[in-house]
Amino acid sequence: MKKLNLVALPHFVSVENLKNDEVKALIKRAEYFKKGGAVARLTSPVYVTNMFFEDSSRTHTSFEMAERKLGLTVIPFDPAHSSVNKGETLYDTSLVMNALGIDLEVIRHSQNEYYEDLINLKQHQKLNIGVINAGDGSGQHPSQCMLDMMTIHEHFGHFKGLKVAIVGDITNSRVAKSDMELLTKLGAEVYFSGPECWYSEEFDQYGKHEELDKLIPKMDVMMLLRVQHERHSGDPNEKKFDAHRYHEKYGINHKRYEAMKKDAIIMHPGPINHDVELSGDLVESDKCMFVRQMENGVFMRMAMLEAVLRGRKLGGLE
């Protein structure tokens, strides 16, 4: 019997240190789950809590669905009524969760790299809990990135040589940062478009910024990003924002849709602002993978959670 190539990780907080073969193994495992493959049987209970300090519907529900499909026991956590509001640190909250018997915590937080304090412990610290990053500020969004990779691989069967345009508010997007890094590592060619005020020179190492209409006919993937209004506090460009003008200049309308390559796809991490990033009646079009991305998210998050279960030898897995 062929030995399965399964990933084992102590935490899943970033795609930065993932090896290419680990990415491919996670995609393969997620595809296995999607086809109805059996989950590994847990020999002891595993307790997980979802700590979302920023609003979320898709990611939160997707993680909980993945957890339940794996047979984990999900313990509710309400940030609005947590002791964080009394000044408790995230580390101390995690310490409490750990003491109560929680094995894993899935966290979304507004602070970039919040997880560093939870996984890089000082000599006197004893926290022993697995951390899965569901998004840190404008830093990383590893689970969205991984489900994006799964969706691209499912459609094209490979990454090498694919041309991918990331369009929109790139500076404030954690999805963009995770995706550009991993796509480049996997051999895809990355391009950027969108308002230059929301583009940073630090992205030049991954690809170049071009006018949208010049990019569209040669791209395999159009990855659209919403404008992150909630992260624009004090940004003078926010006051000048006009949804109609943005759609005219940077959105995918019917004319641009028709200019795309026959086999090209549109992706969006959601939520979609209709008639801003994408014409509303194109959300469920043949090229748009938005619904498939959400579907794939459950199975990829199952693969990611399972990798941490194995890495921490929880539930009898290793």
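Just so it is clear, glycine is given a Cβ too, placed from its N, Cα and C backbone atoms.
According to Swiss-Prot, the protein carries these features:
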BINDING   ARG58, THR59, ARG108, HIS141, GLN144, GLY270, PRO271  carbamoyl phosphate binding site
BINDING   LYS86, ARG174, ARG226  L-aspartate binding site
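Features recorded in Swiss-Prot, as mapped to the structure shown.
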residue : record                           : contacts (Cβ under 8 Å, 6+ apart)
ARG58   : carbamoyl phosphate binding site : GLY270, PRO271, MET294, GLY297
THR59   : carbamoyl phosphate binding site : PHE52, ARG108, ALA134, GLY135, SER143, GLN144, GLY297
LYS86   : L-aspartate binding site         : none
HIS141  : carbamoyl phosphate binding site : ASN133, ALA134, GLY135, ARG174, VAL175, LYS177, SER178, PRO269
ARG226  : L-aspartate binding site         : GLY168, ASP169, HIS268, PRO269, GLY270, PRO271, ILE272, ASN273, VAL276, GLU277
Which listed residue (GLY270, PRO271) has most other Cβ within 10 Å, given these are binding-site residues: GLY270
DSSP-derived class (H/G/I helix, E/B strand, else coil) of ARG226 (L-aspartate binding site): coil
Env. residues of carbamoyl phosphate site, Cβ within 8 Å of mean position of ARG58, THR59, ARG108, HIS141, GLN144, GLY270, PRO271 Cβ: SER56, SER62, ALA134, GLY135, VAL175, PRO269
Collapsed DSSP category at ARG108 (carbamoyl phosphate binding site): strand
DSSP three-state assignment (helix, strand or coil) for LYS86 (L-aspartate binding site): helix
